[in-house]
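Pulled from TrEMBL:
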- 17-35: transmembrane segment (TRANSMEM)
- G23, A25, V26, N30, S255, N287, L404, S408: Na(+) binding site (BINDING)
- 47-68: transmembrane segment (TRANSMEM)
- 89-117: transmembrane segment (TRANSMEM)
- 172-193: transmembrane segment (TRANSMEM)
- 205-232: transmembrane segment (TRANSMEM)
- 252-269: transmembrane segment (TRANSMEM)
- 281-302: transmembrane segment (TRANSMEM)
- 393-413: transmembrane segment (TRANSMEM)
- 434-453: transmembrane segment (TRANSMEM)
- 465-488: transmembrane segment (TRANSMEM)
- 509-535: transmembrane segment (TRANSMEM)
- 555-580: transmembrane segment (TRANSMEM)
Amino acid sequence: GGGGDDERPSWDNRLQYLLSCIGFAVGLGNIWRFPYLCQTYGGGAFLVPYLIALVLEGIPLFHIELAIGQRLRRGSVGVWKAVSPYLGGVGLGCLTVSFLVSLYYNTVLTWVLWYFLNSFQNPLPWGSCPLDLNRTGRFEAECQASSTVSYFWYRQTLNITANISDSGSVQWRLLACLAVSWAVVYLCVIRGIESTGKAIYFTALFPYLVLTVFLIRGLTLPGAVGGLTYLFTPDVQVLQSPRVWLDAATQIFFSLSLAFGGHIAFASYNPPRNNCEKDAVTIALVNSMTSLYASIAVFSVLGFKAANDHGRCLDRNILRLINAFDLPDQSVSRDDYAAVLTHLNATQPERVARLCLETCRLEDFLDKSAAGTGLAFIIFTEAVLHMPGAPGWAVLFFGMLFTLGLSSMFGNMESIITPLLDMGLAHRSVPKEVLTGLVCLLCFLSATCFTLQSGNYWLEIFDNYVAPLNLMVFAFFEVVGVAYVYGMQRFGDDIEYMTGRRPGLYWRLTWKVVSPLLLLTIFVAYVAVLAWTPLSYRAWDAQYAQFPSRQEKSYPGWVQAACVLLCFLPALWVPAVALAQLLAEHRRKKDSCQDRCPKL
């Protein structure tokens, strides 16, 4: 057992604990990254590497975190120090990554909140272009050159600069929303699991309700079947690319929120004899099923949007044909268009060629998907515009995203606060509420840089570079630490004590051999991919010749240095703590030797 068992809080019931873990694991990535990966990598074929990674890497690692947290009853720092003093850096690294991730994760929730508040009006503000400031009756040129949703996102929400070096000013609307987001997080985590445990019933279950409503509505929209067919049609050729396997393995990692320390903290509040093996498998499967469920809901709506765009493209071409050939109005329907065009092409090809008709293929419109903020704030918001009762759907969608992100933030904050309490950094007289408040205030002040006009560029840097490599390093040390330092025999005894039976062959094999090797391979492959990828970003610049396409720009030198620092800095805790421990050990031996040796 660990220290402070007697006064350690505990969950009200098992459901509360399971919902907290599911809430932490299921986050924005399930909605906006998994469907995108599925679509990019050959639809249903992507599920093959995804499920293999889940079985060989996701579930085994997850089981280790839940089991070791529950057995040693401490947060990430305490657990890894107890396994070996040399591994203390793993816990500190997890804490650092959780801190950095919470900064930008809550900023995304700030944007979601801003859109949520803007959804309570009819018509929706991103449905039309605003008038020019000179009030000449003309619309804003930047908006007309791009689209209403892009303009609302880049100009009216972010007011983005054309260059990362140009920081711009703080956007006060966003700063106010950021303060509200952190206030909400603080009120929910104020008393640790005693308060998040109450909030989790709503924040973990509400998204499922909304997803179901969207799914039912989505499947009744025209074009939904096309979207789903496109999503799940497997392209087996794609599996030959190593990039697919790498993305599947890293997706499992983030999807389960492994190596953050949040699951260790949550498990440490469990009763000592809880069946953690069953929990690990249950939560991991629920998480993956949620990703699939969300994909169906998202792609039924995206299929509707593609069908809508495709129809409007046909309408523009039909209008050109009717005007050019003096055909009667309404004489060409969308269904007849292909036949009429073929006929005109055969009889008067020169006149048709002069019309410069658009190419209207449904597949091209289905291809226009995006991951991350592009999906939520541009593509989905545009799809919502065309749905009857648009403001209601917008409120539901952004409300769902906010609660999804909020339950992940609970886990993130738990990953920071539990280790701080366990380390006894604050004096016993300082109440937990004050420590939590100070952490939230520090996070809020640190995150204000994302409310600058260049904030979105920095958020992308944090998103791309803070977590991936660091988490892989920590996960590797976690598995090796348990399998080889803590020892399989001892860990097996612990699991037998908790679950009533020793871990089977599958668990022993994955912990000792498969998972560590897999993590090493992924780490090396990921470093290679990073080394080959140019450090660049895509800027929104109304003066760019090919606007509204975003301009590819290289990061300036100082930003590239920041990328590299974010990539490796948290992981440096591991060697630093091990080295400090080694020196301390060396000094102790020297001192004890001097005490024993007789002085001359």
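Glycine residues also receive a Cβ, built from the backbone N, Cα and C atoms like all the rest.
On the structure: features taken from TrEMBL.
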residue: G23; record: Na(+) binding site; Cβ contacts under 8 Å, 6 or more apart: I200, T203, A204, S407, S408, F410, G411
residue: A25; record: Na(+) binding site; Cβ contacts under 8 Å, 6 or more apart: S255, L256, S257, H263, I283, A284, N287, G411
residue: V26; record: Na(+) binding site; Cβ contacts under 8 Å, 6 or more apart: A204, P207, V286, N287, T290, L404, S407, S408
residue: N30; record: Na(+) binding site; Cβ contacts under 8 Å, 6 or more apart: S255, N287, T290, S291, A294, L404
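With a cut-off of 8 Å on Cβ pairs spaced 6 or more residues apart, the transmembrane segment (465-488) and the transmembrane segment (252-269) reach 3 or more such pairs and are scored as touching. Within 8 A of the CB centroid of the Na(+) site residues G23, A25, V26, N30, S255, N287, L404, S408, the other residues of that chain are I22, F24, G27, G29, S257, T290, S407. For the transmembrane segment (252-269), the most Cβ-contacting stretch among 89-117, 205-232, 281-302, 555-580 is 89-117 (pairs under 8 Å). When other Cβ atoms within 10 Å of the Cβ of L404 (Na(+) binding site) are tallied across all protein chains shown, the result is 28.
Contact between the transmembrane segment (393-413) and the transmembrane segment (17-35) is present: at least three CB pairs lie under 8 Å, with pairs separated by 6 or more positions in sequence. Counting Cβ pairs closer than 8 Å and at least 6 residues apart in sequence, the transmembrane segment (17-35) and the transmembrane segment (281-302) reach three or more and so form a contact.
For the transmembrane segment (47-68), same-chain residues at least 6 beyond its ends with a Cβ under 8 Å from one of its own Cβ atoms are 21, 38, 79, 83, 239, 244-245, 248-249, 251-253, 255-256, 258-259, 263-264, 267, 276-277, 279-281, 283-284, 288, 475, 478-479, 482, 486, 491, 494-495, 498, 507, 510-511, 514-515, 518-519, 522. Between the candidate binding-site residues, S255, S408, the densest Cβ environment within 10 Å is the one around S408. Segment contact holds for the transmembrane segment (172-193) and the transmembrane segment (434-453), given three or more CB pairs below 8 angstroms at sequence separation of 6 or more.
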